[in-house]
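See structure below.
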């Protein structure tokens, strides 16, 4: 619980896409990213190594890979805009970095929604000591 409190406090001062990512997860998956995914498996949260533990952890792995492909963008602080059209999230705006970050976040939120039935509470607050070995390539 302490770790979640720390994450929540840190997010209060964040002006960039971390807050937007949380909002997208809530809109698309209908659950809190901070609560369910800030410390899940080997890839959800800070860091990431080893192999994803399940489909939800793979969503975070793919999200990390998506961010890694961005050049000249800061997914932690860059702000983006999106809108809803007929129930769908549409990333947009004049900033190409913001649009790319939004697309990464949107894909992860959709992945979380689609893998909800495989979410396993044993991977929540999973010790990174269990995530040894080489990471899977993107």
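A Cβ is built for glycine as well, from the same backbone N, Cα and C atoms used for every other residue.
Keep in mind that what you see is a predicted model, and the values were worked out from it rather than measured.
Positions annotated as disulfide bond by Swiss-Prot, on the basis of similarity to another entry: 42-131, 44-60, 59-111, 65-138, 66-104, 73-97, 91-102. Look at Swiss-Prot and you will find 84 tagged as pyrrolidone carboxylic acid. Per Swiss-Prot, signal peptide is recorded for 1-37.
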Subject >> Separation of alpha carbons, residue 91 (disulfide bond) and residue 131 (disulfide bond) (Å) >> reply: 33
Subject >> residue 138 (disulfide bond) versus residue 66 (disulfide bond) - Cα distance in angstrom >> reply: 9
Original post:
At the level of the C-alpha atoms, what whole-angstrom distance separates residue 104 (disulfide bond) and residue 65 (disulfide bond)?
Top reply: 9
Original post:
In sequence order, what residues of the same chain, 6+ apart, have a Cβ less than 8 Å from the Cβ of residue 73 (disulfide bond)?
Top reply: 97, 100, 101
Subject >> Length of the line joining the Cα atoms of residue 65 (disulfide bond) and residue 84 (pyrrolidone carboxylic acid), in Å >> reply: 25
Subject >> 42, 44, 84, 91, 138 filtered to the recorded positions whose C-alpha is within 10 Å of residue 111 (disulfide bond) >> reply: none
